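Look at TrEMBL and you will find 104 tagged as active site, proton donor. The feature substrate binding site is assigned by TrEMBL to 68, 92, 346. Among the features that TrEMBL reports, NAD(+) binding site is placed at 188, 218. As annotated by TrEMBL, site 'Important for catalysis' applies to 144.
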Ligand code: GLU
C-alpha cells in the first residue's frame, strides 16, 4: 500500500534536489505540519446508541495566509492521508497565487451509512471540537470528497453559534443562498478545463480531444460536462463500481439520469461496461483521474496510453509512476495546478464574505480564468527552465513563493 504522505515527501525531496537553493532548513520545515490535530466526535445515533468517530484537522503551513482546505468523509481516511492532502493544499494555494496557507480535515466514516440527522450531528460535532482553531483569519475549511454545501452550512452555523463570528467566511463551499459563491460547485472541473486549454497546444494535443475520466463525483461530472460543451469527446467514465466506454462519445446529461435511476453507470445504452483498471489504460488524448490517490502506480503506468494525464484528483499518480510516464513522454498536468480551481473560487467566496459582496458567475469565472492561465504559464516556464516535469515545475513555483515569504 502506498502511504500518500510518503509519496508527497518523495516529491518534495525530488524538488529539493532540482533546486538546491531551496536549502535543507527550508525543506526540513516543509516536511512537518504546524499542527496535526485528532479529535473524537461522539454522536447519538438514531437507534439511541452513542458512537464515537475519529476526526482530523491538519494545519500544515500558514506562511501565505490562513490555513485552507477541504474536509473528507471516507471510510479509509486516516491521518496520513489528511496530512498529505494538507501538504498538497499548501503548495496548491501557493501555485494559484492565493493569500492562503494549506490545511485539510477529515472524518473516518462511510457517510452513506448515516441518516441525514446522524450526518448533521457528526458534522456539527467536527466544527464544535475544532472551533478554537478555526475562523476566517485562522483556518477556513471547505468541501472535499463526500462533503457537500449543506454540510458546510451546518458546520458554519455551529461555528458561528459558538464563537459569535458573523461574516460567514469561516467555511467556503456553502450554498449560494447561504453566503456561497456563484460558480463554486463547478469550479474544480472548470478550472481544470482552463488549465488544459492554456497548455493544450504546448502539450501537442489536437483541437478536439478524446477524453477518459475516472470518477463521476462533483469534480468528474462537471469536468465531463465542460469538456463536452467545448466540443471534446468523452469516451469513457467510471465511478467506484466500474465504468463505461463508447468510442462515439457519451451524453453526460443522459448518463447522470441513468446513474440516478439505476444507481450505477453500468449498462448505459450503446456503451460497453469496463473496469476502472481498463479505463486508465485506454487509448485517448487526455486521461483525467478525478477520484482518489494512488490510481496510476508502478503496476499500471507502463500501460497508460493517453497522450496527457490531467490530474483533477489529489495525488492520483505515485512518484514511481511519475518516473515511468516521464520516460514514456506522457506529460502529467499535476493536481496542485490542475485542480486548483476549487480552492481559488473558495478564496473568492471568503473574500466576498469578508467584504459583504456578491459577485456574478461571469465575474467569478473571468477571475478564475485569469488566475489559472497565469499559474499554468508560470509552471510551464519553470519546468522548461529546469528541464523537468510539470509537477516539479509546480513544486518549484510553489516552494519558492513560500520560502520568500517565510519568517518575513
Ligand atoms: N477540497 C478541495 C481541494 O482539494 C478544495 C479546497 C477548498 O476549497 O478549500 O482542493
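Along the chain as shown, the residues are counted starting at 1.
Each Cβ is built from the backbone N, Cα and C atoms, and glycine gets one as well.
Keep in mind it's a predicted model, so treat the numbers as computed, not measured.
Locations of recorded TrEMBL features on the structure.
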residue	record	Cβ contacts under 8 Å, 6 or more apart
68	substrate binding site	89, 93, 98, 100, 101, 102, 103, 139, 140, 142, 343, 346, 347
92	substrate binding site	102, 335, 336, 337, 339, 340, 343, 398
104	active site, proton donor	56, 57, 58, 60, 69, 70, 71, 72, 82, 83, 85, 86, 89, 144
188	NAD(+) binding site	218, 219, 222, 223, 312, 339, 341, 342
Out of 104, 188, 218, which recorded positions have CB atoms lying under 6 Å from ligand 1? none
Where does residue 68 (substrate binding site) sit by DSSP, helix, strand or coil? strand
According to DSSP, does residue 144 (site 'Important for catalysis') sit in a helix, a strand, or coil? coil
If the substrate site is taken as the center of the Cβ atoms of 68, 92, 346, which further residues of that chain fall within 8 Å of it by their Cβ? 69, 70, 89, 93, 96, 98, 100, 102, 142, 340, 342, 343, 344, 347
Greatest C-beta neighbour count within 10 angstroms, which of the binding-site residues 218, 346: 346
When a 10 Å sphere is centred on the Cβ of residue 144 (site 'Important for catalysis'), how many other Cβ atoms does it contain? 23
Just report the maximum Cα pair distance in Å for the recorded substrate binders 68, 92, 346, no decimals. 13
